């Protein structure tokens, strides 16, 4: 199973909610009539409208190192270059890079020594010691923080990105993306998947029970060579019959003279 690493591009999901959620943008949250901070949007959508984040190391020397429960990192939103940080019980998106923007993963399986994409975990803020928690405040869904929360509302899971990679995994039926379903229209065997190249995966496929299996890889932008060959012969055949028809017409006209 593939380990989660510093530098990975990920989608952030909450898989244990009655309706699983995915981070998919940001919106102003007013703290005073004329003052606001951005908070992440959560929806029951899919990778198609999901918002990806980079697991940014605090120490540059940790780049590409696999995470463990002691690893500390920031979560940087790719589209806006903003960081998730905990402030007064609400998780915001901003430019803060102090310890309130530092996070660690606490696996649901407390015996885990490394963390891979199959695992669920809690996000623990290093500045406050609180867990990130899904909440609804005034009919608005957001991420708050609470010390030692043990509910399903604080259980998270990362899906490896970027979007093109996640898209290919959905089209291959990778169960990490389909259970719960975060694929939307990108379902294995669907018409939208026919033109999407596959990407190498170390995750289990829905169609196999083998963990660590590797899917075949098709280069980006390529089509099966048999299709190209068939199209070529159709064109050559069409040109041949057009030439035959022209010769036949000329012969008939010559005979009628």
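Each residue's number is its place along the chain shown, starting with 1.
Note that Cβ sites are derived from N, Cα and C of the backbone, with glycine treated the same way.
Annotated features, as they stand in Swiss-Prot:
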CARBOHYD  61  N-linked glycosylation site
CARBOHYD  95  N-linked glycosylation site
CARBOHYD  102  N-linked glycosylation site
CARBOHYD  111  N-linked glycosylation site
CARBOHYD  139  N-linked glycosylation site
CARBOHYD  148  N-linked glycosylation site
CARBOHYD  152  N-linked glycosylation site
TRANSMEM  233-253  transmembrane segment
Looking only at the glycosylation sites 61, 111, 139, 148, 152, residue 95 (N-linked glycosylation site) has its closest CA neighbour at 61
Check: min Cα-Cα distance from residue 139 (N-linked glycosylation site) over glycosylation sites 61, 102, 148 goes to 148
DSSP says residue 152 (N-linked glycosylation site), in three-state terms, is helix
Cα nearest residue 61 (N-linked glycosylation site) among glycosylation sites (102, 111, 148, 152) -> 102
Reduced DSSP state (H/G/I helix, E/B strand, rest coil) at residue 102 (N-linked glycosylation site) is coil
If you measure between the CA atoms of residue 152 (N-linked glycosylation site) and residue 111 (N-linked glycosylation site) and round to the nearest Å, you get 19
A correct count of other C-beta atoms within 10 Å of the C-beta of residue 61 (N-linked glycosylation site) gives 8
Students should find that the Cα atoms of residue 111 (N-linked glycosylation site) and residue 102 (N-linked glycosylation site) sit apart, in Å rounded to an integer, by 23
Residue 61 (N-linked glycosylation site) -> DSSP, reduced to three states, gives helix
